[in-house]
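J.: Provided herewith is a single structure, encoded as structure tokens, for subsequent inquiry.
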Amino acid sequence: MSVDPMLRLLALFLPPLARMRYLEEWRADAAGAADAGLSRRSVVLGAAVLSFTLDRDLPAHTGEPRGMLPRRRARRGLALLCAAGVILSGAILTGGGIVPEGVAATAGVVALFKGAAWVVVRVAVLIAVLGAVYLIGAVRTAATRTARATLVAAAVGPAAVVAGVLVPGAPWWLAPVGFLVVLLGLVGGVAVLGGTRPIGLAHRRAPRRTRITAAALGALGVIAVVVVGGIDMLIWNPLAKVPGMELQTIYATMVSRDGFNIGANVGAVMVWAGIWIALAVLVVGFAALRDGRALTPRRLAILMLGFVGGAVFFRFFAGFGYGMSIADTFGTNGGDASIVSATLPYLGQFALAAAAVAFGWAPRAEPRPAAAV
């Protein structure tokens with residue numbers, strides 16, 4: 001039975017610069033195993049041990065100075081933890097997810113959104129676990145005690161905060177201590193990730209046509225979210241909160257009973273929409289400039305995803321007057337009720353999470369043999 005497929009699989013776990021060299025050595029060992037009185041299984045076992053114990057931070061294996069690998073892993077782990085934190089924070093702020101109300105909120109729609117809330121929390125936990133795995137890998141390869149302590153704090157601090165807040169009967173001091181550990185970890189993380197030299201990142205440039213296309217697509221996405229969110233605040237959400245009543249009647253009742261100022265509140269929505277649309281258009285303008293080559297599609301995606309997340313978050317403040325006036329006038333709660341209002345928070349959370357991950361996964365510089373570094 002050939003062991004070459006297993007050896008090739010194990011080689012995939014090795015750093016790129018070491019992969020082919022060790023694979024050829026393993027193949028030679030497997031070919032001569034019988035003459036040496038060894039089984040091929042022992043060769044595979046030795047290859048497996050080497051794959052998981054190899055010094056991955058060795059410059060000959062990474063093509064970078066020692067210390068770059070743990071910092072890169074830490075950056076990615078922290079990006080994943082940030083993404084998970086954004087999603088979980090959104091779940092907390094929305095009370096586990098907004099459930100639609102009104103005529104359109106059939107039993108199937110309500111069940112769908114409740115199921116989505118359940119899935120979103122589990123996805124966030126899975127992302128957090130993956131981030132912790134990256135941090136553990138960074139701790140294993142970190143060369144200094146400061147780096148190890150910082151990365152341990154980055155993993156232990158959030159766990160202590162979650163346990164202190166969510167676990168019944170947890171000591172009162174657990175969450176505050178967790179926040180303190182997180183703060184210390186962030187301070188140390190700035191020092192570790194900054195280091196004495198920057199992480200080797202690829203200095204990419206994008207041609208003008210690519211920049212304009214990527215920026216325009218991102219701007220269209222931002223504008224679509226803002227327009228849909230604005231219409232929802234002005235029309236769809238009030239209709240969902242007061243089913244069976246026409247929009248004109250809803251507004252007239254709010255004015256007569258609660259003194260609702262239509263002009264001021266519509267103006268707040270327009271200002272909210274104008275800010276985010278202006279930011280998106282401004283980025284398109286910068287991308288079109290001759291000196292805008294640094295705005296690669298990845299960086300443009302980070303900006304536009306950040307705009308989407310920011311627009312959804314600040315939408316709450318733009319529509320606050322509507323929610324309160326509807327609640328005071330018709331005796332409802334001040335929460336959102338339309339299907340759009342229930343969907344947008346998920347969109348905003350995942351947009352910010354994707355921006356964090358894209359920031360953490362910055363393209364690394366092409367690895368070079370140690371002799372060329």
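Backbone N, Cα and C define each Cβ position, glycine as well.
Unlike curated records, TrEMBL annotations are generated automatically.
Dumping what TrEMBL says about this protein:
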{"type": "TRANSMEM", "residues": "78-99", "note": "transmembrane segment"}
{"type": "TRANSMEM", "residues": "119-137", "note": "transmembrane segment"}
{"type": "TRANSMEM", "residues": "149-167", "note": "transmembrane segment"}
{"type": "TRANSMEM", "residues": "173-193", "note": "transmembrane segment"}
{"type": "TRANSMEM", "residues": "214-236", "note": "transmembrane segment"}
{"type": "TRANSMEM", "residues": "269-289", "note": "transmembrane segment"}
{"type": "TRANSMEM", "residues": "301-324", "note": "transmembrane segment"}
{"type": "TRANSMEM", "residues": "344-362", "note": "transmembrane segment"}
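Thinking about packing and proximity, how do these listed features fit into the structure?
T.: Residues 206, 247, 266, 269-270, 272-273, 276-277, 279-281, 283-284, 287-288, 295, 297, 300-301, 303-305, 307-308, 311-312, 315, 318-319, 322, 338-341, 344, 347 of the same chain lie 6+ residues outside the transmembrane segment (214-236) yet bring a C-beta within less than 8 angstroms of a C-beta in it.
Non-local neighbours of the transmembrane segment (301-324) in the same chain are 86, 214-215, 218-219, 221-222, 225-226, 229, 233-234, 237-238, 260-261, 264-265, 268-269, 271-273, 276, 279-280, 283, 334-336, 344-345, 347-349, 351-352, 354-355, 358-359; each lies 6+ residues outside the stretch with a CB under 8 Å from one of its CB atoms.
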J.: Same-chain Cβ contacts of the transmembrane segment (119-137) under 8 Å, 6 or more residues past its ends?
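T.: Residues 70, 73-74, 76-81, 83-85, 87-88, 91, 96-97, 151, 154-155, 158, 346, 349, 353.
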